Structures are given as structure tokens and as C-alpha cells.
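Record features (TrEMBL):
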type	residues	note
BINDING	C:48, C:54	NADP(+) binding site
BINDING	C:130, C:131, C:132, C:242, C:243, C:287, C:302, C:303, C:304, C:305, C:306, C:328	FMN binding site
């Protein structure tokens, strides 16, 4: 079934296809009284925008976001949310639908082409239609709004692995992330990835990646113990990003390998008289509820299935065919998934913050 | 926020604490006309039941499930669903609440004790209250009902890793799974795990694990492309299980390491004239929609935080304390998570099956 | 579709049939820290209990409510909510299923028998199964808990019409409501209704009624302007009560007959310096949001279709038959609907209170 | 709380204010494969469009609806739904925001001005912002799409009362409805309403009305017995329309006045061998489930609070003021509510149709 909404109190509904006139998001339940500018949103869309380096798709889209509702325009050009739905729209400008004629009836292996046709009996093959990573522009717009809601929360992301090449975590430096085309926090990995991706790109191939997103400043106590878990909704929302095949929190799959002693995050009273965690194996979440420590999540992105190499497949008429995808594609979609992951984490945290305020009245 | 319901058309709400009078699930939206017996449910509860080997908690619970509503009893003792909510209840019988007096105000490191207190200002410390793995009995009951809904679907699970000890996948034999206390599909790993867990148990320690769950016979075309993705809901529902820290589908995190050529599941027309996938890296899901291939998911479970070793922590009054957990605990909660994972996968698939039938009218 | 849940943050799921072993409600999202006693709930169940006068069904049920989860029992016998789901159960004790053998395959005109069979292909004919007014006991239990959540809110109801006999509103006296078997606020109507209902009862007939429910002390500002309107959810939840065919707020259908001048509730600043409404045609809700004035809703209940008079109908085999319903029925189900309407209003207001606190953070 | 979505499988989210750049609806869950044209939608927007007679607001809006997503354009200019969200947008073109300067800080009695300010602390006073009846254009667009989903269902509405002037039901003639500016089914009432509304209009006043909406051809068996009732969702969705204060189904409040014998819809087997209802007091719904008879609902609309007569009120600074509303308003908003009521009924029925197909698999 189609269900293009996520969130319970801060609810985001996205719509739109790769090659339709526009795409967008409706953010319902945003608290009133939040002042922001067009630039506060645009800055994140620009981060996700295609065509910014040779390592991402060469499609050219300005990705200008328009705010169509839910705000009172102010004299200084800023806007204040009124508590009603905020409609955000991004027009599609650079569509080369003719690139896709060949795959109108052919199924790209590893792509949603086949499953769409089975399910819906119809498919917007132009640019992948709804399954295009272009849909994530709407998420980034919604996430940019979410970032305005809770003061003191910082949400950042970085690429930590491309193919088998992982960063050296000892080199982690947030200041580096925007200094290279990969959102890499480790400057030493940059030349390695450059060389590797050039090779991939020239081969018309693609490769997978791992993204890490971190939220700092999240108050302790948001989430819930069993269902409605904060980590559950983070997993759900990250997994909803195109091409994601795995999600982990804190130690993640590494937690399977260690003992209770190793995994326990011990506590002391800090110099400020407040509870202090001595480690953060839990990734900031215990029993589905935030601990006050940084919330840490990672997600794995498969290589895009749009490759130039011929692969065996079938077509909608039941014939065996060979398929290769022309058009402009990301050799590593994981790169542009960094701002998307940040956006999803931001929306999830705001939603849980508002939920908690509703149920317990504890937060302001 | 509390939100103890999952599913959209096949909706499961669970309730209950470890040491209250009972726990249960309300299954709303179950199709009418499904005939089943008490045994059809009990068999799965028995699989999850504590006290069945020295490798799980020695708590003794019969875990008899009662069906309180939503069925017409038949003369042969079976029941037929009527389409109204099916209420399932399991009474708690073996409660030693006094075991927990010591941790009433002390926070076990790595446990939800601290976060509960921050969030709710109150905590049922007896057996972990709502955060106890005992809650999963209700899920298993709901999952057992879900298994009755779609004919031809088989859902099975196995333990594939304890600590650093992984099975040899070449030895995978489903027939072995119920022949050892670990739900291990590889008979050669059994003595390794036995020796290792005996050691862990004697040390009063605990260890993590990885569970794999597989659904075969799921028709192609259930799920949705962006949100409402089948893999998204699987990730959400598996992550909602206590102590789970990571979830992956098909190749999962392994997909990050390979190229588009390697990851693509090529297709041919099979001897029966139907589409045939030559591999299943996708784990049965492309673009959020089932391919008809087996659906494969794995989840990582952290070591339980209830260990006998003293750890540094604080108490509710802001004192620094040392904590160790008495009581009867699972040295590896991952073992009993196998039937729980199966149940969550079963509920998720049934929910999406009904959703698809609703939106497209395609399935019967 | 089955969807036995209402509410968004204060969510109530009910389950159970008239002649099953039990029925109940799961209240999810109840704020933590609310102290209450068994009696705080029981008092409202007793009000709805059958067999209390000759004007209601003679079925005998103790309707003792049990709290199975979501609370910490206190030494004084009271309970405190922990923020986890509160499961409430009421056992069915007086079931005379044999009364219903005759209508197992016959459709009572005006009853849900026929539509159940069309929809589900199966029907629990014993006592009407899920469609029995007995289900409302679970709502009353949930409503009793809801009443504990917001201090200062008073929710009361009264019967204002039976058949064509309406109360004289000038005689309205809340003190009278519990002094007669009808929840009548007008003592002068009591003998009229007695005589009329005796006649109806002796004829084996039934008659409709109108109930009015009022909430006082609700803070201004809860609800929302277009959807998520407070009056919309009140209408929805009152209409969900069995046999209800109409709902109105404030002036209701009377508002269709008057002009904007007559309908406007003018405002002044009161002696306390606060906004003061000079009238309350709106029933305490403007634009879907509470004004701070009493919230007033009325709902119309049709005569029960279980009557002793023979009516023409058909059976499940397609034969034309005559049907009359034996068993013990309410000559005027509207009487016992008074506490049910109160419960639904209480749950709706609490839900919106928590929603508002979530979105705006304005309320405590 | 804001919750601008209705429906469960056929979900409609609306956004937009009276004087923003645009307003719209996102329809999520629409079945794939439905072919329609721009005109199929526009015809219903034209019916609701302002400025069509002297009895409605003189605001001039073209109300051209644009389809931004969820469809594949066809060569003949039609579109086919793909199963992904259908985004519908209507631009606002005739905005005279300066008309509203005077009420920027004054509360119109009977309007949402005061409650908005209490709740949100901010209010888009221009044209009523989100509370403007202009929002209903988005509903009409969504309803027009809903009408395409189930073949054989006809949904129509009519105005049956203005002020105290009711139609003569014996004169009901659907052919008349589009022949007069009131959607009146009784030609004899037209001159009465003309004279009466001219008087109201000249006095700068307003008056209430009652609308009746009817769905024919709805298959028996959609809905659910207790919650998720078809009549419950109709009540909820009609009550969500601006200014609605009451809703009734079938006999509605009239059912309170009669006996079980009078209210029962007797059944026979018809000449075609199918079940035949001899009357339709139930308005096509028994126990929350459709009977196959026409579904009949009525709703009462209060007089608009925007009137030229001075009324006592207060302003946002706590001063007592006199308020009268300039601008272009509907003397009887009930007239333009007819297509809105039809749209809400259409959406509700389609949603339940899909839900039923999901749960029972009974419908195609």
C-alpha cells in the first residue's frame, strides 16, 4: 500500500516523481511561532543538490524550495509558522524523459521496475518515477524545517564507507565534512575515495556506502520503551530512504559480538552534579528512550542499480532481454544520502520530542 | 510517547508488564473466516517459553495463551475468526518481585531504568516492567495468529551468531533448527556455542547474538516504493524487539561493499514461463516491494544488561553506586528472540498483504 | 474494515463480544503519575450496569473492572499510572446464549445481523456479538480513567428526550440526574417517562432518545481549525456508540434556522479581566477549537431493533421469515447511553488536551 | 493539534490558507490504473466556485486545479493514476488582504479568531487563513478524484433548508438541483429562498442551512460494527467542514421520537431473488455497515460569523471593541457546502471500500 507519511505529531507527507512538474512535502503538526527564512531551508537543499561534483549525477536542478502555506510572511522577509500545514514545493526543471524510453518496458535488475509493474500494473518509468532518489529533496526540505523546532539540537552526518574503503575514525573531524565532495570526516580517505570512484564512474558502474548521522543536544527521556521506540522510528525512517539495506544504532551489529560487561555504559555523577555516562555504546538510546548522550545511527546504501554494464533481465512482455541504463546517475548514491539521513533523523527527533511533551508534559 | 500498536490493517496492540497479573495482545483487523486451534498458537509460545534449557532464564512460566474475543468457538474445539478484535491474554504465574528490591532505585547500566525514570518519573522496577523481554510473549501469540492468514507462506528463523561465533552458512539445514537449544541451523556450531555460553553463564555475564528470519512464499508486489516500504516496516518492527540494535535486509551492510554489477539480481524467464531471479541479494525486496523471492532479514541483539558483575552506576537520588543484577536472566537473550523475530515478520507481511489487497484489489 | 481504536495520543482500543469470556479496553498513551483507585473506575461502570431498574435490560452483570497493566500498585490500595498501556478487563458472567438460537440465521430488521453476514460471512449471533451495547462497558472504564487526567474538568450527561417527550430545560437541575432511573435533569419529566416506558416495555417495543453531555472547565485553545477539530472528534466518537444516528454541538441543527447576529456569541472583558462570552450558542467550540465555555453535545439514539413484535425479514438462506427477538433488552437504550456518552466525551477531550500540549507546549 | 489528514487507505491531506499563494490536497493510497481528465476534476471545482450568483461571495477565483504527481499523462490528454500520491494544487488569484486589516487584532464573534490566538499565539487573519471556507476547494478536488474509483456509485447533494424555510420533500427532483443557484431539489422553494436571501444579503446578515448528501450504488457490507463505522467516519468528515454544527444519518434525530416497530426497515426477497429492504430509515447503514440502500446524511451549517452588523467583542490586547466584518462573504455558506459535502461523502466511501477489500478480500 501507498503510505507516504511518516511521524505522529510532526507528520511529513511527500509527493512527486522524478519527471513530473514538481515534488514536495506537507509538514503537518509543526509547532506555531517558529521564525525562519527561505535560506534556512535552501542551504540544506543545496547540500543535496545534484551536479556539484563529478561524483554525483550531472542532472542540473536548482532545487529552489517554495513555502506555499502554514506561515505568516514577515516584513523582513522571514516567515513565522502558524501551526497549520506547511506545504513545501520544489519544481522539476531538468527532465530528459527521452533518456528513459528504452527502459519503459524493460526491468533494470536490482531496481523497483519489476516490482512496480507487478504491484500497480503501471509504472512511471521516466527517471524512476516515484522511486527516484529525487524524492529525497522533499525530505530534506522537511528536515530543514524540523531543525528549527528544538533549540540546542545539532544534527550532522558524514560518509564513513564507500565500497570496502572505510574512514579511520581516529581522524574524525567535523570541520572536514563540508570541505570535500564526499562529506567525509576523515581527510585522509578523500584521495582514496576519489581514485576509487573515478574508476567506478569510468566503468559505468556504481558502489555502495555507509552513512553515519548524529544528533547532539537531544534531551534525555524522549522515545518509549517497547513500541514507539526512538530507535525503532529512526530505523524505520532511515530504511525508508531509497536503496538503504541496513540500519544500526550505537554499537549496532557490533553489539552482537561483545559481553554485557563490555556493552554496558557505566554512569557516574558528573562535576556539574548531573548524571554522566562514561561511554556511549548504546548510541544515545536505552530501552527505546534517549539518554541525553549523542544519538548515533548508521545506514548502508546499496550500489544504484542504474549501471551502464549490460545485465540479464526480462521485459514486461515476458521476453528475456539485456538491460543497461543510460541517463545521468550517481556512481555512489550514498554521497547525496548524507543530508537525507540528517533530515530523517531531524524529523524523527522532533516528532518524538512533541510526542513526549504531549504525553508527559515534561518538556517545554 | 507511548504507542504500543504496530500495523495498519493488521494491527497489533500489546500491553502488560513482567510482574503484573497478565500480559496480552489485541489483534485488530484480522480477516474473518480463519479457522485455528488453541494449539496453533500455543506451539509458538512454547518455543519462546523460558526455562527450556540451561542457556535461557530459569523463570518458569506456562505461558498459556487464552483467546478472549473475536472468534466463534466451533464444536470440534477450534475457533473461527469473525473479523472483530482478537484479544489474547497470557497470565503471569512465576513472579519473584522480591528479587528486584535492590534495583528499585538503582539504574542498571545499559538498561532502560534510567531513561524510564527521566521520562515518566515513575518506573515499575519489578522484572523490568514493560521493558522486560517477557512482553514478547504477546507478540509471539499475535504472530501465531498472523501465520494463519496467508496460505502458502512459511516463516522461519534461526540464530546465526553468538558473540563472535558465526554459523557456517554452507551447513544450513532447517531440520536442525529445532534439534538444539539455540535454534541453530548448523549442527557444527552447537558444541561451540554450548561451551561458550556455559562459560558466559558461569561468569554471570551475557553476550549478544544475530538472528535471521526468512519468509518464503510471499507473493510478489506487496509493499510500496518509498514510504510504507515492506523493508521499512520489517526494520521498524524488528527494531522494536527489546535489545535489538541493528537490522538488515538481504545483503544488508554487505551491500555497501560491492558494485552495482555484483549486487544486481539478474532475471530470466523460468522453465514455468514465469519471471526467475538468478540471485537474491535484495533479500526479496526491491524498491520496498516484494519480488516473490524469499524475504530475508537479520537483526543484532545486544547482550542483556542484567549481569552479575558489578558495574558503576548512579541511583535515583543522585548517588554513585555499584550495581549487579540478581534474579534469573538469559545469558543470551538472542536465543529466545528467534520466535519473536518470526512473529514480527509474520505480522508485517500479513499487514502489507492486506494493505495491498485494499489499495490494488490485486490479491485475493 | 475493523478499526477498534480511537484517539491519537490518548488511544483507546476496545475488544470483546457480548457472550465471550470477557471484554475490555487498552488505554495507550495515558500520562504517567496519575493516582486512582479501583472505585474511581467502578463507580462509572455501576452507573451503566444493567438490571438497575425495570426500564433497562434485566441481564445481571457485576461488571467488575480489573486493571491488568500500566500501573504500580500502592500500599494504600490505590494505583499510579506508569505511562505504559493500561489494560482494563470486565468478565462476562450472565450469558444466556440459548436465548439467541432462533436468530442465529435470521436477520432482525434494523439490526446489524444482515450487514455482518454480508461483510464477514460469519457472525457471532449470541447477544449481538461485537455489536452489543455491552461493548460500551469497556468505553466507560476507559472514560473513567480519562476523567483522572485533567484536573478541574467536570463531565456530566443527562437524558433530555424519550420518544417525543422532551425535558423542560428551564427545570434543569444536575442534582436530580442521579435521583431517577433515567438520568433526567428535570424532575417533572420523570413520571411522564415512567408511564410512557412502562407502556413501551409491556408492548415489547422500544423507543429512541436524546442524550446531552457537557464538559466544564476545559481550557480554551484545544482542538484544531479544520481537521483534527475538537467537534469533529466528538461527533466521530459519539457516533461510534451503538444506535446513534445524529450528533450536534451547541445550537446544532438549530443553528441552521437563525441568522449570524443571533448565532454570534458576543464577548466582553469579565470582572476578572478575562475574556467573557455573553452566550454559548457555539457549544464551547469555535472553528474546531475550545473557547473555554462549557462544551455541549447531543446525540440521538434510535430505538433498539430487538423487539417482541413480529417483523418481516429474511434469513441467511434467502427465505422470507418473520422475526421477533426474545431475550432481555432495553426498552430505551438511550438511558444507559448517558454514562457512555460521558466517557466518550472525556476520552476525546483528554486526547485533544495531550495533542495540544504536544504541538504547542502551551498547556502543562 | 493539527491533523490535516483524513482517511485510512484513501488518505487526503489538505494544506493552504485563504490568502497564501495556493492551496491543495495530497491524495495518498488512490488505487492505480484509474483514467481521468482534468475536466473530471474541474467540473466539481466549478460547482463550488465563488461568484456564480448574487447569493454567494463575490470573490473571483478561477480555481483551476493542477495535478502535480501520481499520474502518467496519456497521449489523449487524460491521466492514469500510478498508485503514488496525487498532488492537487489550486492557486489563489484574487486576494484582497487589505480588507482584513481591521480584524487583524479584533475577534469576530462566532469566528475562530479568538480560539486561534489562544491556541497558537499567532493567526493568519487574512481571509480567515486556514479557517476560511476556501480550504474546501482542496476537498472538492480530492472528492472529484474519489468519484473515479468505484464504478457504479453516484454521489449527489442538495440544499434542503435555509433558515426556517425547508423544501417540500414530495417535490424532490434531482434534475432541478443544477437549475437554480441554491442546489435546491424542489423548484417551489427557489423563489422563497431568493426573496429571503436577498433580504439577508441586503441587511449584511447571514443565515444557516441544511445540506443532504446521498450515495447510491454503494455495495452492502462496507464499514465496521463498532468503531471504524461507516456512519462514524461520515459524521467525522462532514463535521470537519467549516461551520458544520450537526450531522445525522437516515432518520437521524427523528429516530429518537419513534418506536422500534416504526424504525425497523423490514426485508423481503425481491423479484430478482436478492434481499430487498422495504424502507430506509437507517439511511443505508446498519450497525456501522452499509446495507446496499442509498446512504443518506444531512448536516447543519451555522450562519457565517462574518456579518456587517456590529457585534460586541474584544481585541487581542484585552480591550472591549465593536466588530463588523467588511469584505466579500457568503450570506449563506450552506449553498457552496453542497459540493463539499458530496466530496467528503465520496472520499469516506472510497476509503471504506478499500479498507473492506483489504480486510475481507470480498470486493474486487
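Including glycine, each Cβ sits where the backbone N, Cα and C put it.
There are 32 other Cβ atoms within 10 Å of the Cβ belonging to residue C:130 (FMN binding site). According to DSSP, residue C:130 (FMN binding site) is assigned to a helical segment.
Less than 8 angstroms from a Cβ of chain B: among the binding-site residues C:48, C:54, C:130, C:132, C:304, C:306, that describes C:130. Checking the binding-site residues C:54, C:132, C:304 against chain D with a Cβ-Cβ cut-off of under 8 Å leaves C:304. In the shown protein chains, 26 other C-beta atoms lie within 10 A of the C-beta of residue C:48 (NADP(+) binding site). When other Cβ atoms within 10 Å of the Cβ of residue C:304 (FMN binding site) are tallied across all protein chains shown, the result is 27.
A straight line from the CA of residue C:302 (FMN binding site) to the CA of residue C:48 (NADP(+) binding site) spans 18 Å.
Long-range C-beta contacts of residue C:132 (FMN binding site), restricted to its own chain and to partners at least six residues apart, with a cutoff below 8 Å, comprise C:17, C:18, C:242. Neighbour counts were taken as the number of other C-beta atoms within 10 angstroms of each residue's C-beta; across the binding-site residues C:54, C:302, the minimum falls on C:54.
Between residue C:243 (FMN binding site) and residue C:54 (NADP(+) binding site), the C-alpha separation comes to 21 Å. Residue C:304 (FMN binding site) sits 16 Å from residue C:54 (NADP(+) binding site), taking the CA atoms of both as reference points.
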